[in-house]
Amino acid sequence: MSTHNEYDYIIIGAGSAGNVLATRLTEDADVSVLLLEAGGPDYRLDFRTQMPAALAFPLQGKRYNWAYKTDPEPFMNNRRMDCGRGKGLGGSSLINGMCYIRGNAMDYDNWASMPGLEDWTYLDCLPYFRKAETRDIGPNDYHGGEGPLRVTTPKAGNNELFAAMVEAGVQAGYPRTDDLNGYQQEGFGPMDRTVTPKGRRSSTARGYLDLAKPRPNLTIVTHALTDRILFSGKRAVGVQWLHNDQPQRATARREVLLCGGAIASPQILQRSGVGPADLLRSLDIDLVHHLPGVGANLQDHLEMYLQYECKKPVSLAPALKLYNQPAIGAEWLFLGTGIGASNQFEAGGFIRSDTEFDWPNLQYHFLPVAINYNGSNPIKAHSFQMHVGSMRSPSRGRIHVRSKDPREHPSILFNYMSHDQDWREFRAAIRITREIFAQPALAPYSGREISPGSALQTDAQIDAFVREHAETAYHPSCSNKMGHADDPMAVVDGQGRVHGLEGLRIVDASIMPQVVTGNLNAPTIMIAEKLADVIRGRTPLARSTAPYYKANGAPVRKQG
């Protein structure tokens with residue numbers, strides 16, 4: 001394996017953030033970058049990662065998925081729950097559901113209200129969302145037209161259930177929005193997806209890394225499992241990794257950029273001697289710097305599926321039958337169209353379940369077939385389902401390494417559903433969803449409630465169902481939170497620099513101080529775009545002046 005020993009920057013993790021940094025930093029021809037990825041290439045001929053409709057497949061094996069498990073979750077019947085994370089060029093953008101959702105404007109204004117994060121307002125972040133994006137129907141004040149990330153919008157003629165579901169949400173009294181990433185997130189409407197015009201997954205490997213790979217100043221090493229960051233005193237000076245179980249080293253002249261994501265980044269820091277001193281001493285890890293927030297503040301989104309039989313034969317159930325799949329695959333492969341070219345999450349919404357919330361606290365994804373996210377337990381009959389979950393749970397978890405061995409998975413505990421608010425939100429979510437499915441727009445379609453089943457009505461029954469059946473939405477975050485140095489639990493400052501150390505930044509979803517209202521791929525890419533300008537010493541993009549919606553205490557729904 002040929003790698004030089006010295007680079008300006010070493011990036012750990014070729015995922016949603018790392019590939020953005022690698023691409024932007026190597027635009028400066030005099031800068032050398034080493035990009036380390038524990039997984040393999042993103043094989044372009046592997047339909048499992050490239051076909052949007054095949055999104056369940058990468059979660060089923062371990063080629064593309066770290067397949068972490070939580071410790072027994074105490075409020076979830078002590079279940080050890082899935083915590084899938086992407087492995088390979090593209091990271092989790094190689095295996096995610098491809099929903100292009102940025103979060104609510106108020107999420108970022110909320111971040112910016114925290115000491116030290118003043119330049120993370122929505123209007124500061126919006127130019128970087130736009131910079132990353134090329135939207136298929138063209139740019140506007142909210143969307144970009146020249147970015148590496150391809151975004152596809154739902155089109156007329158898609159499955160009729162999508163429009164019916166949006167209409168039902170409006171009939172139930174909730175707002176309609178024509179763009180969940182535009183002026184107003186709150187309401188029901190079409191959902192954009194990170195898919196190319198030719199119907200392929202638009203991961204950061206395809207969008208960004210394809211631009212950077214030909215550059216002589218970028219070196220990419222796959223199957224490189226990071227062991228630890230190397231320090232000289234309080235300065236990060238390099239990285240040690242394993243390649244075929246053999247230790248390799250490189251040094252960084254300027255900075256080490258940690259982009260491992262919300263599970264891997266705290267692990268790597270802790271193994272490197274940065275984290276809670278008591279934990280590190282108990283594992284005989286030499287302490288470089290005591291930072292109690294490393295691995296703390298862990299957050300995620302939890303979600304439920306509500307599944308219904310479909311009275312009309314218009315769902316995607318036939319696509320699950322093996323004898324129909326060759327034709328679907330051929331149309332996608334040769335034409336880039338058809339069922340295979342969509343992730344099938346083409347409608348959804350964000351609502352407030354109660355006026356106690358200043359911005360939406362529930363997210364909906366609608367799917368015109370009933371099946372688990374990982375492809376298990378498909379319903380054979382015509383059916384559809386709604387995914388619903390709370391967005392800003394007060395529950396907080398933690399990540400602890402178990403040993404110095406980089407091959408050993410960490411101890412992960414989210415403490416899902418550990419607050420009363422969690423239970424109130426999930427009870428409301430299930431009851432509101434049933435109301436939506438009872439509206440006239442869905443009356444021609446909505447049949448028997450398959451799951452949870454109409455017999456479950458009381459709080460106790462709903463709570464028991466949630467404990468047994470709620471699953472992760474695969475949005476782990478916030479485990480190395482941004483904040484002012486005066487906050488003892490903050491790990492990095494507003495520019496991603498690790499407190500108390502030099503030459504080390506974290507750039508990924510772990511630095512979010514609070515999880516955003518929506519999916520995490522688009523915000524993670526934005527964070528990397530924004531911090532790439534900081535690292536390069538460039539003037540930040542001018543703040544946007546686009547207007548955006550605030551509920552300001554408005555009723556959560558219109559009464560009929």
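For all residues, glycine too, the Cβ spot is worked out from N, Cα and C.
What Swiss-Prot records for this protein:
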- His475: active site, proton acceptor (ACT_SITE)
- 8-37: FAD binding site (BINDING)
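Positions of the features from Swiss-Prot, shown on the structure.
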residue : record                       : DSSP class
Asp8    : FAD binding site             : strand
Ser16   : FAD binding site             : coil
Arg24   : FAD binding site             : helix
Ser32   : FAD binding site             : coil
His475  : active site, proton acceptor : coil
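The candidate set comprises the binding-site residues Asp8, Asp28. Of these, Asp8 has the most other Cβ atoms within 10 Å. The Cβ of Val20 (FAD binding site) lies under 8 Å from the Cβ of Ala132, Thr204, Tyr208, Ile525, Ala528, Glu529, Ala532, each of which sits 6+ residues away along the same chain.
Around Leu36 (FAD binding site), taking its Cβ as the centre, 26 other Cβ atoms fall within 10 Å, counting all chains.
Taking a C-beta cut-off of under 8 Å and a sequence gap of six or more, Ser16 (FAD binding site) has these contacts in its own chain: Gly90, Gly91, Ser92, Ser93, Thr204, Gly261, Asp508, Ala509, Leu520, Asn521, Thr524, Ile525, Ala528.
Cβ contacts within 10 Å of Ser32 (FAD binding site), excluding its own Cβ and spanning all protein chains shown: 22.
Cα separation, His475 (active site, proton acceptor) to Asp28 (FAD binding site), rounded: 32 Å.
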